[in-house]
Amino acid sequence: MGVKSEEGAKITSSASSAGGILFSMRSLKLKTKQQELLIRVSVLCLVYLLAFSVRLFSVLRYESMIHEFDPYFNYRTTLFLTENGFYEFWNWFDYESWYPLGRIVGGTLYPGLMVTAAFIYWTLRFFRFAAHIREVCVLTAPFFAANTTIVAYFFGKEIWDSGAGLVAAALIAICPGYISRSVAGSYDNEGVAIFALLFTFFLFVKAVNTGSLAWSLASAFGYFYMVSAWGGYVFIINLIPLYVLVLLVTGRYSMRLYVAYNCMYILGMLLAMQIRFVGFQHVQSGEHMAAMGVFFLMQMFYFLGWVKHLLNDAKLFQAFLKISVTLAVGVGALALGVGTASGYISPWTGRFYSLLDPTYAKDHIPIIASVSEHQPTAWSSFMFDFHILLLLFPAGLYFCFKRLTDATIFIVMYGLTSMYFAGVMVRLILVAAPAMCLVGAIAISATVKNLASLVRTKSKSQQTSSGKGTGHAKASLKAALGQSLPFQKNVAMALLFGAFYLLSRYVIHCTWVTSEAYSSPSIVLAARGANGGRVIFDDYREAYFWLRQNTPPDAKVMSWWDYGYQITAMGNRTVIVDNNTWNNTHIATVGRAMSSYEDEAYEIMQSLDVDYVLVVFGGVTGYSSDDINKFLWMVRIGGGVFPVIREPDYLVNGEYRVDKGAAPKMLNCLMYKLCYYRFGEMTTEYGKPPGYDRARGVEIGNKDVKLEHLEEAYTTSNWIVRIYKVKPPSNRR
Amino acid sequence: MRSKSDYSSGGAAAAGVATSPASDLGSIDPVLLVLKVLPFSFLRPPRTRLRLPSLILPSPMTHTGPCHRRRPASRLPSRRVNGQYIIEGLSSGFMFVLGGIGIIVMDLALDRNRPKSVRVSFASFGIAAVVISYVMSTLFIRIKIPSYLY
């Protein structure tokens, strides 16, 4: 018994050591198809794990916390949802923000993200995993990014073949354009929305390819999930009709297209109306009218096809065609005109109109123009977010045009439209990322396939040239045409290595960019000290927890709208304005208060019942995204509503300065005083005078700041956040 | 492509290249006169936020000058730079397109129905285009962001 097991052990050990996987596969007698399946499944599993783990840098470096500003609102609403249930959440009126107006939260948000996270949380709780909702929220985005890679695989398989699908999955797993908004901790709508976007597109293309009602139904539900998740669903509801229109124009009308689009549009529209924030926009808003127009156009096509089938007479049908087309176009234009003129169909909203005319926001809507994410994209952003995909995109388009099917037409259109919008607004690089990955994957897959087949061909050029009989000229011409290139195999091998090198550079680039640029939580700042060690500035959370623990529960805090969500979520105090920016006048009131002299600002603060004022100041640390750098936007927004605030008052010769040569209104406004209170005695840098502002690089002009109506309540350890208490009126002190 | 100076607070950018159609400087260019009347009397050209490059471009090596100022704990991790000069954008865009065309041309070289010499030249052009484009793009990004990949 013992001898036999010893022998068996020897055989198995020799088997495992002799050849590894291939030997054991041969011994298991796997056919090629099964080998291929094994490779595909293992690649997909690895890509899934890769997509999840590459987004975990900030969790490992700092801790598992929510990043940025908007995710704090999402976290707060998810917390409310898990504590109070869906009905309370759907009908929630939040009196703790936008004091004294309040905010109808249930009707002004996209619930997809919160419901998804709550669903995952309840599932984990059902299986008795005691996870905290914060951990679930932090890891939702990487989880959905990993799911996106699987969807990208199936989409690539649908468009081209499974090889392209695998490459697409691998590319999108680490594409920095996608990682930037789906890193762990970035609990924002886009993390879930890009998954929903790609899923909807995949289901629709599948429906068009198969013509099956089931897939069309699935795509309608995918669209519903997208509508519930993000305001960018407008992209879907405009791209799909555009795609259908292109198919109709290029003569690819078919019953499959008819079934797919009708089912998706009608059901998707009805489902989308269940979201209160969207409401009846699908029939009332100008941005959704393209879908309706194409819907009626499809009916016209079907009707004309049916009439043609009935008539069997070409001339009569031509006449009927002319009449019906003119009638249809006329009725459609009339309806559109009447709808727009009567105001029933609302015009394009500012957010989306500024995509068509990028200069619109600067003149008319300063709030939209002030967000740095809404600026046009510089080339370095493209390079950072896409790297070699930029080189592969035109090549991929070329390959798609070589093999035109309904599916490749879709990916070409998605790629081109999303690239245009990515050029207009930095934030929309995210929407272009899946298209770039898919088109790039097609280029890589086709190129590598060609090169590999070149490497594998046996040389038969000699046989073809000798096999020709009579006609020397003809034979030599044919030989010249049919011959392979010199050193074909070697060059192909070299090119394969070159492709491998480029892809490995892509991986290195993506990992570096993720680690250095996109994994910062923004609420915790880090810098390199003089000795190379890392210095962490946790001032924001320090200030918010001070607020939470040292102020009365009904205190109202006034700050610039950037910090509103964080103050309500972490400080648990009522704020005046927050990141939702739905009321421009309210924000302008706060802007006016910040840019007025202290007496006028005190009157405004009293009218708003403000108890505490919070400002962010980067002069001690050199932090450049502080309120003094944002101050001109406060002036512009305030001046947009209250003409007493004039921007030239704060500038000197058109320049924005805070030193001795600054404008007197600037040196005495509330924001200046609050930021630089007691700063004049502070020495920030060796060899510089006291009061040297490291973020602006100048010595401040007004060092002797006296506050009459406010008193300093708290300044964080690195002076980044400063909180002031508003004193009661002088006859009540 | 009309380029206008930005309405920045500084005012004058360096050399003005094209004047706006609304300015009455009495240009003698006939095409400009026609354009002033025909589309641009009722169309308003958009205000592009393009900045003309200054005449003295900083040499690439001035960042890492010999005088290292002592800056302890000051440089917080900088996000990507969001501005660009016109020439910068055009040249890097050209590099991207060149790379794409290189791959397309390489694929055209595989077409067996063309004469051999054409295929060889296509293949060599394609390979050269891709190599040049990738090298130049990497060089550009290293110039723009000195701490790239370090």
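Positions of Cβ are set from backbone N, Cα and C atoms, glycine also.
The transmembrane segment annotation in TrEMBL covers A:37-57 (among others).
The domain 'Oligosaccharyl transferase STT3 N-terminal' feature in TrEMBL is assigned to A:38-439.
Counting same-chain residues at least six beyond the ends of the transmembrane segment (A:104-124), those with a Cβ under 8 angstroms from any Cβ of the stretch are 74, 77-78, 81-82, 86, 89-94, 131, 133, 136-137, 140, 143-144, 187-189, 191-193, 196, 225-231, 275-277, 580, 582. The feature transmembrane segment is assigned by TrEMBL to A:104-124 (among others).
Per TrEMBL, the feature transmembrane segment maps to A:136-156 (among others).
The transmembrane segment annotation in TrEMBL covers A:162-180 (among others). Residues 40, 43-44, 47-48, 50-51, 54-55, 145-146, 148-150, 152-156, 194, 384-387, 389, 429-430, 432-434, 436-438, 440-442, 444-446, 448-449, 506-507, 509-511, 513-514, 517-518 of the same chain lie 6 or more positions beyond the ends of the transmembrane segment (A:162-180) yet place their CB under 8 Å from a CB of it.
Positions annotated as transmembrane segment by TrEMBL: A:192-217 (among others).
Per TrEMBL, the feature transmembrane segment maps to A:223-246 (among others).
Under the heading transmembrane segment, TrEMBL lists A:258-277 (among others).
Taken from TrEMBL, the feature transmembrane segment applies to A:289-307 (among others). Sequence-remote contacts of a segment are chain residues at least 6 beyond its ends whose Cβ falls under 8 Å from one of its Cβ atoms, and for the transmembrane segment (A:289-307) they are 237-238, 240-242, 244-245, 248, 253, 257-258, 261-262, 265-266, 269, 282-283, 317, 320-321, 324-325, 328, 332, 336, 345.
Under the heading transmembrane segment, TrEMBL lists A:319-345 (among others).
Summarising the annotation, TrEMBL assigns transmembrane segment to A:382-401 (among others).
Residues or ranges marked as transmembrane segment by TrEMBL: A:408-426 (among others).
Over the domain 'STT3/PglB/AglB core' (A:556-614), the average per-residue pLDDT in this prediction is 93. The domain 'STT3/PglB/AglB core' annotation in TrEMBL covers A:556-614.
Using the rule of three or more Cβ pairs under 8 Å, pairs at least 6 apart in sequence, the transmembrane segment (A:192-217) is in contact with the transmembrane segment (A:258-277). Nonlocal intrachain contacts for the transmembrane segment (A:136-156), taken as residues 6+ away from its ends with a CB within less than 8 angstroms of a stretch CB, comprise 44, 47-49, 51-53, 55-56, 59, 64-66, 71, 74-75, 78, 113, 116-117, 120-121, 124, 162, 164-170, 172-173, 178-179, 181-188, 191-192, 194-195, 198-199, 201-202, 205, 434, 437-438, 441-442.
Each residue of the domain 'STT3/PglB/AglB core' (A:556-614) gets a DSSP state, and the totals for helix, strand and coil are 33 helix, 9 strand, 17 coil. The transmembrane segment (A:223-246) and the transmembrane segment (A:408-426) are in contact, since at least 3 Cβ pairs between them lie under 8 Å (pairs 6 or more apart in sequence). For the transmembrane segment (A:408-426), same-chain residues at least 6 beyond its ends with a Cβ under 8 Å from one of its own Cβ atoms are 159-160, 201, 205, 208, 235, 239, 242-243, 246-247, 250, 252, 355, 358, 372-377, 381-382, 393, 396-397, 400-401, 432, 435-436, 438-439, 442. Remote same-chain residues near the transmembrane segment (A:382-401) are listed as 171, 175-177, 180, 408-409, 411-412, 415-416, 419, 422, 429, 433, 436-444, 446-447, 502-503, 505-506, 509-510, 513, 517 (criterion: CB distance under 8 Å, separation of at least six residues from the stretch ends).
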